[in-house]
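These notes are about the structure you will find just below.
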């Protein structure tokens, strides 16, 4: 179990997180949503020690600040937002970097397996720079998956921390990535993701943390958090949940989409 | 597919360049052996390596002059060329990995500027030292000053760019530029004070040369350079991970800060030592890693040893040219590396543009 | 001396550069020379003045090589060139197989000289200096090293007499104030101060250095030159650049205002002749003082 208590963080002297607490359980998908600038990404970065924070973050009872980096790396993997890579690495070489941290030596085909999992089978020999934004993001996801391939290890659940994993993906690949997250959780692993898309969150999240202005505005299952009143207050506009537009409108909901095959 | 996976001898995966990197490594070892042998065999005096080896094999006494040329002139020169070439190329590769920039070189952490300032100070003001001290350091004053200058500058830069246990690469880079400008200004004052002969010395120092190679220099510079060659391969995977960024590298369990400290300090030591004994030889540190990245990819597990091999071979080869073309006089080696390497490098750049657009 | 490959090059303490000790070093160098029995037959001369002295002693046929600065007499230019006198390579020097090296003071780098000493080649260091005694000392050292003391004594007497005559002839009531310009790159004036060969030769020729207060060759401020207002401007002779340099001086905002420029007293003399301080120095003094007289009308 991951539990964060009373997390505070500042960026350049401005308080960004003002006391956020969060509990995420293995076997579940925990999603962090909120308007721009509400501190979602900062919270994820605090949870993964990417920036200095005050408060406590416990992973299965142990303070992560006290765990050595290599040990943490065997138990959790972090997918950053779109990232630039120095030097012309091939996709295969990038994914194999995830294996550096793997708890047990991985079989030789693991990298290719991970690539196939994110729909990039056959991309091994391509240069990372030559991929589209969405392909790069999925290649990074393959690297992260390779790092904590088995959702449950001998010492407990493994964790995926994903910062907007579907941000630059089309709807088909969004479904694919959401499915990966769901499978990982179903197999006993823990997933914590920062999300922008409320519909995808509503479909897949077991727990939602809605942030506003550096604080937790509401937390709980999507049905409890996504109400007209709460969302309208959070996003500063009138929002209606589960309401369809008047007749002639066109809309596409991920709820109704299914992956081909 | 399944058959390929089950085959223990050959499971080729696209995008895996390790096999090629290993073959290139073998090629480079061969190249290094050839250039080293040639370098021992070729020289203005025409002393033949084979005839000397023959004499040794037949247990005959080697003529003192031939022994001197082979063992006290060519051999230390070869050893110094190997060490300096390897040090410059590996240091360049490590710095580029650390700064995540293919244009970085040890100069960025102030070694070059500091070493240059040290050398200039020693050349121009060395005469002001008390005679007793001059006697002790003798003609190693310039190398010593260059090494200290480079090392101290880097330490200083490292101090100011590290706060709360975290070294900011950006601060270090900009600080390096500022310190470089400052060192340039001080050098300017010293150059103004220098007399004619000192100016000529400065020019020759700046162009670099292995002509002053002695076993003493090899023994002094050797350990510092060996340190970087031994230590940095252990950092190879960390440097690979660092290409993803500092955060992602840390999430892969890489002790980013410790690795920065180790690489900066060892590189400063090795580059300082290399510059101290050979003067300013530019170019090797940027070109060698570049070429190898194009050839076998940026995987530091192969890039670092291959850079050491190619850097050593390149410098020994360039030195051979430097002392042959206008024998018995010789060219500063920096002129040779730049004249040969410049156009070649341009050609490579033009042919491989897409790989370099980062 | 012939220790193993690692043994011969241990750092030897450098002797302080005092002429008297240098003389001792020369003698010591010859004492341990293996070729002591026979005079050296393969001589390497380092330094323009050294080479000139060897030829003036009639020993030019014993030379096997020279350095880049040895360009006179013309026969010298035909010899193999071992490189710039302060950046010699040990194997380059050894490749001409000298049994005696005559090196002007400051030849180097020191590492190379160390290797040459280890190679058991007789090495005579010729002291540098910019006056009459220095020339005598150079000739004496070279003649001794070449084991032609009689020829040396003759040359010393000759040069001393010629020089004394030239100096006496050059003496004037009002010594001209001479500005020596080493280079005029981009309008910046690089001029000679004290402790330079240029000042030495100017004084021998009966002039005085128009600039004082600094040593060596330095870039000087325009105002200092204006204040010094030299009677004569002296430059080194670079083939074919006379006219261009004269124009540069006349059009230079400051040099153009000096008395020298306005009276046309701009002199060019061959660099090695002027600054070499060798056997041709009396000639240089004569030529220069004649030019001074002419310039002063």
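Just so you know, glycine gets a Cβ as well, placed from its N, Cα and C.
Distant neighbours of the transmembrane segment (B:24-44): 50, 69-70, 73-75, 77-78, 81-82, 292, 295-296, 302, 305-306, 309-310, 312-313, 316-317, 319-320, 323-324, 327-328, 330; these residues of the same chain sit at least 6 beyond its ends, with a Cβ under 8 Å from one of its Cβ atoms. Residues annotated as transmembrane segment in TrEMBL: B:24-44 (among others).
Counting residues 6+ beyond its ends, the transmembrane segment (B:78-99) has Cβ neighbours under 8 Å at 32, 36, 39-40, 105-106, 108-109, 169, 173, 210, 213, 215, 217-218, 221-222, 225-226, 228-229, 232, 235, 239-240, 242-243, 260, 263-264, 267, 270-271, 273-274, 277-278, 281, 284-286, 288-289, 292, 300, 303-304, 307-316, 319 in the same chain. Annotated transmembrane segment per TrEMBL: B:78-99 (among others), in sequence order.
According to TrEMBL, the feature transmembrane segment maps to B:111-133 (among others).
According to TrEMBL, the feature transmembrane segment maps to B:139-158 (among others).
Sequence-distant contacts of the transmembrane segment (B:170-194) (same chain, at least 6 residues past either end, Cβ-Cβ under 8 Å): 99, 107-110, 112-114, 116-117, 120-121, 123-125, 153, 156-158, 160-161, 202. Per TrEMBL, the feature transmembrane segment maps to B:170-194 (among others).
Annotation comment: TrEMBL describes B:218-243 (among others) as transmembrane segment.
Annotation comment: TrEMBL describes B:264-291 (among others) as transmembrane segment. Outside the transmembrane segment (B:264-291), and at least 6 residues removed from its termini, the chain residues within Cβ reach (under 8 Å) are 80, 83-85, 87-96, 98, 102-103, 105-106, 109, 111-112, 114-116, 119, 142-144, 146-151, 154-155, 158, 167, 204-210, 212-213, 217, 220-221, 224-225, 227-229, 231-232, 303, 307, 310-311, 314-315, 332-334, 337-338, 341-342, 345, 348.
Residues or ranges marked as transmembrane segment in TrEMBL: B:303-322 (among others).
Here TrEMBL flags B:329-350 (among others) as transmembrane segment.
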Problem - Tertiary contacts of the transmembrane segment (B:218-243), as residues 6+ beyond its ends and Cβ separation under 8 Å - result: 76, 79-80, 83-84, 86-87, 90-91, 94, 97-98, 100, 140, 143, 249, 252, 254-256, 259, 262-263, 266-267, 269-270, 272-274, 276-277, 298-301, 303-305, 308
Practice task
Sort out the residues at least 6 away from either end of the transmembrane segment (B:111-133), same chain, that have Cβ-Cβ distances under 8 Å to it, and list them.
Solution key: 105, 141-142, 144-154, 176, 179-180, 183-184, 186-187, 190-191, 193-194, 198, 201-202, 205-206, 267-268, 271-272, 275-276, 279-280
Exercise for the section: For the transmembrane segment (B:303-322), find every same-chain residue at least 6 residues outside the stretch whose CB is under 8 Å from a CB in it, and list them. Expected result: 21, 24-25, 28-29, 31-32, 35-36, 38-39, 42, 77-78, 81-90, 92-94, 209-210, 229, 232-233, 236, 281, 284-285, 288-289, 291-293, 296-297, 330-333, 335-337, 340-341
Exercise for the section: Report, as numbers and ranges, which residues of the same chain sit near the transmembrane segment (B:329-350): CB under 8 Å and 6 or more residues beyond its ends. Expected result: 44, 204, 206-211, 278-284, 287, 290-291, 294, 314-315, 318-319, 321-323, 356
